[in-house]
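Quick notes on the structure that follows.
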Amino acid sequence: MINFSLSLTKSMSYSFIWMLFVIHISCVLSADGNHILCSPSFTCGNQRGLLYPFWIAGRKECGHPDFELDCNAGVPELSISSVKFRILGADYDSGIITLARSDNIDDPCLPNSFTTSFNETVLPLASTTDLLTIYYDCNRNVSSFVSTFVKELDCPDDGTDDRRNYYLTRNLTFLPPSLKLEGNSFLLNDFGGSCSRNVSNPASRTALNTLESTPSTDNLKIALEDGFALEVNSDCRTCIDSKGACGFSQTSSRFVCYYRQEPQNPTRNKVILKLFFIVIYVLGIGAASFAMMGVILVVTCLNCLIRRQRKTLNDPRMRTSDDSRQQNLKALIPLKHYSYAQVTSITKSFAEVIGKGGFGTVYRGTLYDGRSVAVKVLKESQGNGEDFINEVASMSQTSHVNIVTLLGFCSEGYKRAIIYEFMENGSLDKFISSKKSSTMDWRELYGIALGVARGLEYLHHGCRTRIVHFDIKPQNVLLDDNLSPKVSDFGLAKLCERKESILSLMDTRGTIGYIAPEVFSRVYGRVSHKSDVYSYGMLVLDIIGARNKTSTEDTTSSTSSMYFPEWIYRDLEKAHNGKSIETAISNEEDEIAKKMTLVGLWCIQPWPLDRPAMNRVVEMMEGNLDALEVPPRPVLQQIPTATLQESSTFSEDISAYTEICSINVA
């Protein structure tokens, strides 16, 4: 019986050690295999020395999925949003890759070209790259102001004498002080609105400077032929510098760095093999006693670990940094702190769901004094809770009739919740997305829009620290019994000191349709509190759209109508011809509707410097209609569909990001 047990134990020991040996060898082969595959560069067409993020058949693990190359044309080409780009050069020592558009490299007058953009996380634009914008089929008559920025493009005659093509060589967001647009940017918007389309191409700043000093179609072709520079991803450069090979994991869908195993010495391998068999023999002889000793050792270690952990939990001097941060949070925020058990009791075990926000589910609850409250329970996957801390800190500093009141919070490890006042009427979207909007008159809608403006004005200008919301939309505007609006959900709010209002975002945040253009493209400038102004303008136009839903049904199916309500301008043109925005309303209501429309349109100007600040928006809403001018029709660059689809999920599931408040505002 003893011999049988010993033999069984010996057999199990052999199997276990052999399994460890096989697993180790397979892991080494896998790591070495990817490094061997991806470490050497490859040739595609006339280009040598290509590496990540580019790849060809047989090297899928070595490149990003968006950057597969086609080598059949003799030059390496890749397709992005149906636009082909060719590689002009790749210098991984300097970290610069040069590309050019294949469709207009020889002819900038192609009628079907359109704007596309790169995944700048993988290949960011180099600092030497700027944007060249070409406007097609525009009015011939150009003002003297506009002519200082745009030059005529000599394309084959299309048969019309009053239409021309033009190009713009500089990024208007970063003009020198001597060329400030001041109040004349609407002239450029009017010019862009007169064109049938415009296409933005990255280009070398040196070539654009030459084109600007010596305008000609030949120099324009040279600027397109020279292409534009992109930088190798910083993660990849770090990987290459550390003797690794850049690649992409199909399993985790993220960048990986493959490293090779150290070369083995043959003599050393023989010694290791002998030791391997000796260890097997020794373990086989003493397996029973070793097994018993192993069990005792494991039990002893586990017991020590458990006792040590209990001591750590009970000793305040041994608490983790997370516990310290949470204690500091509770001490700094002057709000009632609830335990998770109390939250469960308040919500009656989370019985009634009243909504789902970007970071969790909202439940109805009742405090011990009988007051109804809304309890927002965050998802347990929210990392270290930075967004939660941000929300509680920002909301605890606010006190305004148009800002939702925070009553308390819960923070126990990954269990986090906020408790705020309950609104019987729910959120604004339930009114403007249903037949309820037709029962609300223009005075009520105006009161809601004005209240939201006052709330945002308070966040931007009335707090000790400027609070930027970044997710203004109907779902985040709550209505009390008197239909007075209250701005809620500060889960996306970012705080800056009053004189440091320019924000830098690592992730796009917000809700598609309400996101300002500068969040998508640096062409429009930097992200700041003016992004909230844009979202507010879209909110106001959304309210007007709900009131005029029947007149817009023919446009709502269009994707572009999500981003700009063209029907608003058509109705304004009708108003100039004697027709009001909506029939069967009084003159007073007609004036209110027009005022809301004009304010909304001013707020959604594509250039942040053309949008009014929220304190000015309140003045416009409270002022006379006669003092408001019709703003120019915005001309937005085309936003690739893929970008929009990715961004539409950001407000629902987003990682923490870093805010840099680095530019002082006088």
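The backbone N, Cα and C atoms fix where each Cβ goes, glycine too.
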Residue from ASN198, ASN425 to which Swiss-Prot assigns N-linked glycosylation site: ASN198
From ASN141, ASN482, the one Swiss-Prot labels N-linked glycosylation site: ASN141
Between VAL362 (ATP binding site) and TYR420 (phosphotyrosine), the C-alpha gap once rounded to whole angstrom: 10
Which same-chain residues, if any, lie at least 6 apart from ILE354 (ATP binding site) yet have Cβ under 8 Å of it: VAL362, TYR363, ARG364, ALA374, GLY426
The domain 'Protein kinase' (348-636) [mean pLDDT, rounded to integer]: 76
Cα-to-Cα gap, TYR420 (phosphotyrosine) vs LYS356 (ATP binding site), nearest whole Å: 15
Cα separation, ASP471 (active site, proton acceptor) to GLY360 (ATP binding site) (Å, whole number): 15
